[in-house]
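Okay, so here's the structure we're looking at.
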Amino acid sequence: MHDIGKITEGFQNNIKKGKRSNKHPHPLYALPIIKNIEFDYLFDIPIEVFAILSHHTQLYNNLYADYQQYKKGTFLIEEIKEFIKNSKEAYESLGFSKFFEFEDLKIEDIPKDAKPLELHRLRRKYWIEANNYIKSLSFDDKIKIKSIFSFMFSILQLCDDFASLNFSEYAKDREGIFDDVLENPEIYVPTLNIDNPISFILKDYEPYKFQKELYNSKNKFVMLFAPCGRGKTEGALLWALNALKNFKRNKIILAMPTQVTSNAMYDRLVKIFGEENVGLFHGKSFIKLRDSKEIEDEDDLEEIRDENFKGNVFFKPITITTIDHVIYSFVHGFSQADFALGNIQNSVIIFDEVHYYEKYTLEHLLTLFDILRRMDIPHLLMSGTLPNFLMNNLEGYELVVDEEGLNYKPFKLKCSENHLIWKEDDEWKVNENIINEIIENYKKGLSQAIILNTVERAREFYKAVRDKVPAILYHSQFAYKDRVKKEDEIFTLEEMRKSQNKPYVIVATQVIEISLDMSVDVMYSELSPPDALGQRAGRLHRKGKDWRENGKEYKLKIFLPYKHLPYSKELIEKTINHIKFYEKPLDYRDIKDFVDNVYKDYNLSIPSDLKLFFDEAILFGRHWTDISTIDEEGRFFKVRDDKFMKIEVVPQVYFDELGENSLRAEYMAKIPAYLILNEMKNEEGLIHFYPYEKRVGRKTRRYLICSFKYTYEIGFDYKEEEEFEDIL
């Protein structure tokens, strides 16, 4: 029924001529026909009709409101009668009788024409009645409508997309009403069939006790508390594979904190499950997928676009994505959000490192978890510290704890009242004692990480150490392609450490906390809140059991930061007041205790405004471009706090070298917005930035070229303003 609006003279003529039918909106043309057919709808509003209306453009308040642009459609009445008459036969021949009962369709009258003004009035009537009905419902009933509508819509969209894909070839030299277009329907709903998940995931390793508990769990909602490097991901996959069977689902979604962690998890799971079973989506996933394959021609690029689309809507049995994409699925945050949310209804979700997020995002996540529970969507929350302020806001979850791993003390914490780097007379000074210590440690074969809280301090410390020992600098303000290359370089250094005992030195910002699978012997870090310190420590003596092992002493050496930013002054002061009680060999229970003491009075505002935007988008709401950009940078609704807002720029050095080819996403870098805002205030105007416009199709896209010195080694070399010192 969804395409019955195509049975008009104009639309059929355009098909025969190979012309587009933008002025003949067949989903809207279907409305006056469907209105006259007797249906037993699921609810008091016809969500089935809204699925038909939106199967080419996602529902929003003003969908089809610009009716003046459309042409009148003249219905082919006899063909429509024949189509409706054959509905019972189609129902039986396609095997739908196994799933639901259906009687012949009865239509009262078939109109002669679909007139734009009449269509507009009819559409407006449906919208008003549906909105009034939704407003009268409780939140749980709204969730029920959203859940069932999106699930139904995803089935329609899936069938329509693949039928359209196969239709051109099928329809050659054929006339009249067609039979079913798709064969082998099982390929359109791919599933995982793994007989022995434990041996499949763990190979020859014996599962830890907590991994067995996860595998045997029959609960839909689970929290896991386990240290870094203890096999949380493997345990989560065991839970998820069993949950697919226990709760009759067919997809696993892993929601990661960042694009970097998503890429790393994708590489990891492709090796386990195979490329055909694993999808990826985030704002720059197309680049990652493209770079993972050898591209020879346009057909290869089309295959990458198809893979990216499948990740976007959670099509494959396993999809790795960011928490941003999952959240935007619930608020019409991208063009296929309803399709994606429909697939989420049939999924189990794993959330990694849920304690990691700053307050603003964490409030959104806790609001999301409440919606997921009400939708009855199984999910697992993983954390290395699981602080009380988080646990106190989560009810109805089974708690699984890695008791064995929590007893290990993999490092010793030591705190100094000195700085690693500071300013005197507007010049940066570094702690020469630590520089010398790093040199001596390197000679002893020790790998080391030095973590600073701002990009500029990391840059300046790196400059001081790079001529003394081989070192690499890593932060978030590199162009995307350079950041990926740096990650590959760090991965190679880590492999050489493992295989050849070859040491390395990395200077980084707190981006290291979550993004890199690496392990050093000594870590120097500026003081940060205890949850951040715990994350950093996850890259120190990873998988270790005792701080004295292998003839080494593994130490986390903390230094006072030159400035409290990017953290609040109060939070840094609380951390300083408590850290003296933790100068000892630490296990992860100690770290949790440290976190709980510092955050004792930490209050989260729940629900966040995610609930308001979700409520607004039960069926309609805003157009997705009002919610988010195509790269999932928030507009009206933001997943991340823009307190430290960044802008995307193209380094001048790449623009000079590559011209317009440098305007591709992989050459862009994110830098603090205040850099351009401050220059806009100057009398001379912009000094280091200028706009560049490029025509893309019918639109003109504007880019910013940045002339600050940029190199692969350092990134942008600019001076930060202390009141805006930038995170990451």
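A Cβ is built for glycine as well, from the same backbone N, Cα and C atoms used for every other residue.
Worth saying up front: this structure is predicted, and the values here are computed from it rather than measured.
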Correct range for motif 'DEAH box' (source Swiss-Prot, candidates 352-355, 440-443, 484-487): 352-355
Tertiary neighbours of HIS55 (Mg(2+) binding site) (same chain, Cβ under 8 Å, six or more apart): HIS2, PRO27, PHE153, LEU156, GLN157, ASP160
DSSP state at HIS55 (Mg(2+) binding site), helix/strand/coil: coil
Integer average pLDDT (0 to 100) for the domain 'HD Cas3-type' (1-163): 90
